[in-house]
């Protein structure tokens, strides 16, 4: 059963109607919708790769996953990063870094910087809301971070926008349902 909508649209009332709509499409319409979906996915990937090149960061957008940086950033804030190698690292700067043996990058503030005569830089980080520095988070035997450990430096943020990502990771069924709805929408959307 299909409810009436705006001119040129229709709204399926059950998940079975979605499959019925797919069966009603001729091959040409189905290929067009699949191609449309593929173009959306490839456009998103091209935009992401373009951001990587423009920002110099392997991950130009990250979500704050804990409260360790409060009050500066809260859980769910979306951070925009850059990572230009020629920019010096300074105390007070907020960096995102990876630690060997951990999959998820950490967002913390640089509290100490040591620069050697040969130009090598080592630095120490700490979460604003943490009591102690991050030496306990670094790999065993590592007391300082180096520039190679930095994924990016925070240049801007959107508050709480990343909560969607956190919810999707905490509730995988929600993530798959959302992806299925979006995929069905793209496949079933008809040009008017």
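Numbering starts at 1 and runs along the chain as it is shown here.
Just so it is clear, glycine is given a Cβ too, placed from its N, Cα and C backbone atoms.
Lifted from Swiss-Prot, the feature list:
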- 68: active site, charge relay system (ACT_SITE)
- 108: active site, charge relay system (ACT_SITE)
- 134: active site, charge relay system (ACT_SITE)
- 177-188: region 'C-terminal short (CTS) helix' (REGION)
- 1-28: topological domain 'Cytoplasmic' (TOPO_DOM)
- 49-192: topological domain 'Lumenal' (TOPO_DOM)
- 29-48: transmembrane segment (TRANSMEM)
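When the region 'C-terminal short (CTS) helix' (177-188) is classified with DSSP, helix, strand and coil residues number 12 helix, 0 strand, 0 coil. Cβ neighbour count for residue 108 (active site, charge relay system) (all protein chains, 10 Å cutoff from its Cβ): 22. Helix, strand and coil residue tallies for the topological domain 'Lumenal' (49-192), in that order: 38 helix, 39 strand, 67 coil [DSSP].
In the predicted structure, the topological domain 'Lumenal' (49-192) carries a mean pLDDT of 92.
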